[in-house]
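Notes for the one structure printed next.
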Amino acid sequence: MSNVAVVGSQWGDEGKGKVVDWLAERADVVVRFQGGHNAGHTLVVDGVTYKLSLLPSGAVRGKLSIIGNGVVVDPWALFEEIERVAAQGVVITPEGLRIAENAVLILPLHGNLDRAREAAAGNAKIGTTGRGIGPAYEDKVARRAIRLCDLADEDVLRFKVERLLTHHNALLRGLGEPELDADSLISALLEIAPRILPFASPVWKVLDEARRAGKKILFEGAQGAMLDVDHGTYPYVTSSNTVAPNAATGAGVGPSSVGFTLGITKAYTTRVGAGPFPTELFDDIGRTIGERGREFGTVTGRPRRCGWFDAVLVRQSVLVGGLRGIALTKLDVLDGLDELKICTGYRLDGQVIDHLPASMKAQSRVEPIYETLEGWKDSTFGARSWADLPAKAIKYIRRLEELIEAPVALLSTSPEREDTILVRDPFLD
């Protein structure tokens, strides 16, 4: 029996929600280990659609759900989400949801700063969701953040808020924004403290006990490897490490506790917001893929940019993240296309390269080298076995496996969780 870490292998929006829910039903514990409420995922359970941003996917299935120390938590957004799922019949209690007591809090000032910076940047903006995730991580690294455990001691909270505002008010002055009052922020935090503190827990200890008891643990990542702050298309990235090895750090467990690492991978490529995208399509095929795949952000509603499958990027994600298999999603979106292209390399300054360079300028200048495969006419939608797939679809899948150097462990053929072909069980690896 193995624990499993699930991460995106592209720029996020790969369909992690469905795959995580499929695995969560079989897990005992589900853990979020990075990110904030900037990345949403959609689950369909018994015909009911849930849209989650902070809550682990196991929460809607009654599993022990954990928000790890690597997550930045907006308390107000959290309770909005808890109230939203409660209206759908899912009750979240401190017995079922544990939040790391050392998790950093996102405060209203973080969102304000995020949006002010984006507005000031003009055409050079990164394309953040404006929800304060980046500024909260900045405060964490600078050792001035407010953590969940700080809400339990008013004296400590006041000292830390005043210290925090010394920094933030200087930034706000520089942006021409009004300064913040410490008393107002402290009052807001003390008001929400009795609601969120019952969820606070030493989650590293909870996870250690679960591991010793032989419980199956599912580590749930947000965004995707190409949005990783170190390994992604910097600076057009998120503010945390999204690759699989961070599951251990962001949850408070040893690396050996993670087990099987599964990369969720679309059968094509999408991206939201600014940043390089070598295989982006600007023609009718790109628009067709976007319409068929319903490519709009769960949180932002922004249309996603669409393009051909980039095997160079995914192979890089496999190698950097130590992915042992992928879950291939949205294959059905490609049904009926006459031909399909796969990016197998890049051309840069006349040279052929097999990776995405780190330089922002070089990333924007690489040209994709394509291999063309014949498409298939029969539908793959809802297929539940390899026998249901067209031969040319199987050929496409096998070629992807060769190029990215990782096998397909799961194949998703519709948003419904039952429409999944299991090739290799991650929990039994």
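Cβ atoms here come from the backbone N, Cα and C positions, even for glycine.
These numbers come from a predicted model, not from an experiment.
Quick look at what Swiss-Prot lists:
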type     : residues                                                             : note
BINDING  : 12-18, 40-42, R304, 330-332, 412-414                                 : GTP binding site
BINDING  : D13, E14, G15, K16, N38, A39, G40, H41, T129, R143, Q223, T238, R302 : IMP binding site
BINDING  : D13, G40                                                             : Mg(2+) binding site
ACT_SITE : D13                                                                  : active site, proton acceptor
ACT_SITE : H41                                                                  : active site, proton donor
BINDING  : T298, V299, T300, G301, R302, P303, R304                             : substrate binding site
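Annotated features, which come from Swiss-Prot, shown on the structure.
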residue	record	contacts (Cβ under 8 Å, 6+ apart)
G12	GTP binding site	A39, A222, Q223, G224, L227, V272
G15	GTP binding site	I264, K266, A327, T329, K330, S412
K18	GTP binding site	T42, L43, V44, T329, S412, P415, E416, R417
G301	substrate binding site	none
R302	IMP binding site	V272, G273, F296
Integer Å distance between the CA atoms belonging to L331 (GTP binding site) and P303 (substrate binding site): 19
D13 (IMP binding site) and L331 (GTP binding site), Cα-Cα, nearest whole angstrom: 14
Fewest other C-beta atoms within 10 angstroms, as judged across G40, P303, which are the binding-site residues: P303
Local Cβ density at Q223 (IMP binding site) - other Cβ atoms counted within 10 Å: 25
Residue with minimal Cβ packing [other Cβ atoms within 10 Å] among the binding-site residues N38, T42, T129, T413: T42
C-alpha spacing of R304 (substrate binding site) relative to N38 (IMP binding site), in angstrom: 15
Per DSSP, three-state class assigned to P303 (substrate binding site): strand
Cβ-Cβ neighbours of L331 (GTP binding site) (radius 10 Å): 25
Listed recorded positions (H41, R304), ranked by Cβ neighbours within 10 Å, top entry: H41
